[in-house]
Every structure is written in C-alpha cells, then in structure tokens.
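Each remark here refers to the structure printed beneath this line.
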Amino acid sequence: MTTDLNQNPYLVRAQQLLCRVPLIDGHNDFPFIIRGLYQNNLTRASLNDLPIGQTDISRLRQGSVGGQFWSAYVPNPVHSDKESDEAYLECLRQTLQQIDVIHRMVSEHPDVFGLAQSAADVWKIFRAGRIASLIGIEGLHQIAHSPSALRMMHKLGVRYATLCHTKNNRYCDSAVDRHTSSPWSEYGGQTHDPGDEPSRNVRTGFHSLTLKYLTAVHGRIVDLSHTSEATQRDAIAISKAPVIFSHSASSSLTPSPRNVTDEILHQLKRNGGLIMVCFLRDLVNSADDANTTGSRVVDHILYIAETIGYDHVGIGSDFDGMLEGPLGLDDVSRFPELVADLFRRGVSEERIEKIVGLNTLRVMKQVEDVAVREQAEGSTGVLCDVVKPIWTAEQRQMLAEQGRTRGLRP
C-alpha cells in the first residue's frame with residue numbers, strides 16, 4: 001500500500017469516493033485510550049495529536065473517516081460470581097463514564113464530531129463535514145443485569161450492544177471462554193456438548209427475551225463479535241432484524257475462535273446482516289505470514305464478499321484495541337489506502353461504496369424500521385429489573401389500609 005498520492009491513481013479515486021460516501025468504521029477503542037492516558041480528564045487532553053495509540057483528530061481527518069462507532073468498552077469483572085451485584089455495578093459505573101467521555105469528546109469538538117443516533121443523522125453530519133459519532137458497548141456485563149440500564153444507555157446514544165466480550169455471561173457464551181461451570185439452567189438456557197465449545201446458547205428463556213428486546217428498544221443493533229458459534233447460530237435465528245459482527249474476520253482464511261465460519265456467514269446473509277472486517281493481526285494473518293500487511297485485510301473483505309455477497313461486508317478496524325495494526329494499515333489515517341487497494345484489485349466503485357459505509361447505513365435503517373414496527377404492534381413487552389423490597393410488611397399493610405378507606409385494593 002503506497003501513500004504517494006501523485007503516484008497512485010487508485011488513491012486519488014479512493015479520496016474522491018470518501019468525499020461522497022461516509023467511511024463508517026464499526027469499532028474503535030479510542031475512548032479507552034483516553035481513560036488510560038488522561039483518566040477521562042479532557043481538560044488535560046489534546047485530542048488533535050496524541051503521543052500514543054492509533055487515533056486522534058489529525059489522523060481521523062487524514063483518513064477521511066466519515067462515521068465511527070466508538071466503543072464504550074469496559075473489561076469483564078475479574079474473578080466474580082456471575083450474579084454478584086458489586087462487580088457488575090462497578091462495570092456499569094465505568095460504562096457510564098465511558099459514554100460520558102464520548103459525549104464530552106463530541107461536545108468539546110463540535111467542528112469535528114457530531115453525535116449520530118440514526119442512519120439519517122450519519123448522512124446529515126457527514127454532509128456537514130464532520131465525523132458521525134456512534135456508540136457501542138462491548139458485552140452485556142456492562143448493563144449489570146439491568147434492563148433499566150439498557151434502556152437508559154439507548155437514551156444516551158448506545159446503538160449497538162455486543163452480547164459478550166472474553167467471558168461467558170448470563171446471556172450467552174464467549175468465543176474464547178471455556179469455563180462452563182455455572183448453573184446455566186437457572187436462566188432457561190439449553191445445554192449441549194460440542195466438545196471443547198462453550199456449552200450454552202441464547203435460544204430460550206431470559207436470553208431470548210433480552211435479544212429480542214435489544215432490537216425492539218428503538219433500534220439497537222445486536223453485535224455478535226466475540227460470541228461463540230452456538231450463540232451466533234441461535235442469535236441469528238431469533239433476531240427479526242439484521243445483526244452485525246462489528247470487528248471479526250473469516251475463519252476460513254485465518255482459523256480463530258474469534259472469526260466467523262462460512263456456515264455462519266451464510267446464515268448472516270439470510271438474516272440481511274453485516275460482518276465488519278477487523279484489522280487485528282491475529283485475526284487476518286496467514287500461517288506463513290510473519291509480517292501481516294493491510295493487503296491481508298483486503299483478502300478477508302474479498303473472501304467474504306465472494307462467499308456471501310458485497311451487501312454483507314464492511315470495515316471494523318478495532319483500532320486502539322491493539323498495539324499495532326497490519327503494515328501499511330496501522331492507524332486511522334490509512335483508510336484511503338485500504339480503499340485504493342480495493343480499486344487496484346478491480347472492485348467496482350458501487351461495491352466499494354457498500355463496503356465502506358452504505359451496508360452499515362442499510363443495516364442501521366432496517367433495525368430502526370423493525371423497532372418501529374415491533375413497538376407499533378406491541379409485540380415486545382418491557383423487561384423489568386429485579387427490584388428488592390423497600391417496605392416492611394407492616395408498612396405495606398398500613399398503606400393498604402389507606403387504600404381500602406377509598407374503596408381501592410393495591
């Protein structure tokens with residue numbers, strides 16, 4: 001991948017295309033870099049040119065980024081019981097901090113960013129010359145077992161939810177967690193025995209309701225990156241709306257539990273969903289590839305496109321979730337070179353437009369439409385938190401007596 005604009009006609013075409021269609025990246029952990037470097041104190045931060053990481057305003061502009069899903073990532077609790085409140089409430093607190101820092105990043109740089117909550121918002125912000133900023137959470141451990149928290153996160157702009165990260169949770173299994181000792185049947189899950197695979201899925205009970213509710217709450221996208229294959233299979237079967245993989249790649253090209261099998265890809269196509277190809281070296285390299293290059297990312301994009309069609313592939317870098325990206329595609333400034341390589345390989349302009357952003361916008365709009373329809377039909381109820389009693393039996397009796405004096409029964 002060359003960076004010489006004068007010597008690369010494909011790069012010229014790439015820059016022209018990215019002026020017309022927003023390049024929307026499915027996953028970037030820049031907010032976690034801000035947390036680590038500045039403890040979320042933006043008064044100390046210069047976001048224009050950061051000394052570390054793969055993202056800052058200067059490089060976003062160089063990379064012609066039109067839209068970005070910022071991850072409000074918080075790690076899984078360490079050594080905690082799945083049902084203990086304390087560890088998960090801390091995850092929820094930190095999640096709110098990360099959502100807040102994204103909001104402040106946008107509000108303190110209004111000439112650069114705009115908060116997008118719909119596909120229409122993305123177009124409006126992009127056409128105004130700004131970067132449409134969307135929010136995702138990376139694992140349902142971040143909601144602390146609280147549907148109320150999930151609803152409030154939507155009001156704060158969270159538009160996709162990854163079902164899990166690197167640990168199993170009460171909703172589904174992770175691709176990389178082999179620990180299966182907790183009593184899953186309490187929550188309605190089915191057990192099966194696929195060898196070394198995690199032993200739970202999302203098909204029944206609480207999990208199924210939660211999955212449907214994710215979509216029905218005003219159009220939240222279900223993200224299956226990091227989930228086990230069994231979870232992927234069941235989630236796609238359950239979902240009435242397109243799902244995404246926000247940062248994954250093909251397991252046929254690079255075998256990894258984090259990547260997606262051809263079988264799941266074909267299910268994803270039938271669902272109308274989208275896989276956004278990750279740049280993480282371990283997910284895109286080949287066995288004999290000592291130095292992973294950006295061209296390897298293009299290999300994955302083209303393999304997926306040829307397997308299930310150009311309507312179902314996008315870009316999900318995972319920048320700032322890795323120490324270094326592929327050679328030639330090592331930070332957000334290099335996106336145009338990825339597009340140039342697609343041109344060089346003979347991909348049509350129409351298909352590249354789909355890859356860089358139109359597919360993502362289609363999925364967003366379809367999920368929004370499903371949510372509107374589900375709410376209009378009243379087909380999805382309201383999930384409620386388990387709320388601990390706040391009154392004693394005596395207090396309840398006293399209040400009930402007051403009601404009875406008015407001819408009412410509580």
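Counting starts with 1 at the first residue shown.
Even glycines carry a Cβ here, placed using N, Cα and C.
Annotated Zn(2+) binding site per Swiss-Prot: HIS27, ASP29, GLU138, in sequence order, evidence recorded as sequence analysis. Taken from Swiss-Prot, the feature substrate binding site applies to HIS165, ARG258, ASP318, supported by sequence analysis. Annotation comment: Swiss-Prot describes 180-200 as region 'Disordered'.
Everything Swiss-Prot records as a feature, shown here on the structure.
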residue : record                 : DSSP (3 states)
HIS27   : Zn(2+) binding site    : strand
GLU138  : Zn(2+) binding site    : strand
HIS165  : substrate binding site : coil
ARG258  : substrate binding site : coil
ASP318  : substrate binding site : coil
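Checking each of the binding-site residues (HIS27, ASP29, GLU138) against HIS165 (substrate binding site), the C-alpha distance stays within 10 Å for GLU138. Distance from the CA of ASP29 (Zn(2+) binding site) to the CA of ASP318 (substrate binding site) is 7 Å. Residues ASN28, PHE32, PHE69, SER71, TYR73, GLY136, THR162, SER246, HIS247, ASP318, GLY321 surround the recorded Zn(2+) site, their Cβ atoms falling within 8 Å of the Cβ centroid of HIS27, ASP29, GLU138, which are themselves excluded.
The C-beta environment of HIS27 (Zn(2+) binding site), restricted to residues of the same chain at least 6 apart in sequence and closer than 8 Å, consists of PHE69, SER71, GLY136, SER225, SER246, HIS247, MET276, CYS278, GLY316, SER317, ASP318, GLY321. Residues HIS165, ARG258, ASP318 make up the record's substrate site, and a Cβ search at 8 Å around their centroid adds GLU138, THR166, SER225, HIS226, HIS247, SER248, CYS278, LEU280, GLY321 from the same chain. Between the binding-site residues HIS165, ARG258, the minimum number of other C-beta atoms within 10 Å of a residue's C-beta occurs at ARG258.
A gap of 14 Å separates the Cα atoms of GLU138 (Zn(2+) binding site) and ARG258 (substrate binding site). In this entry, HIS165, ARG258, ASP318 make up the residues listed for substrate, with the farthest two CA atoms of the set 13 Å from each other. For the pair ARG258 (substrate binding site) and ASP29 (Zn(2+) binding site), the Cα-Cα distance reads 17 Å.
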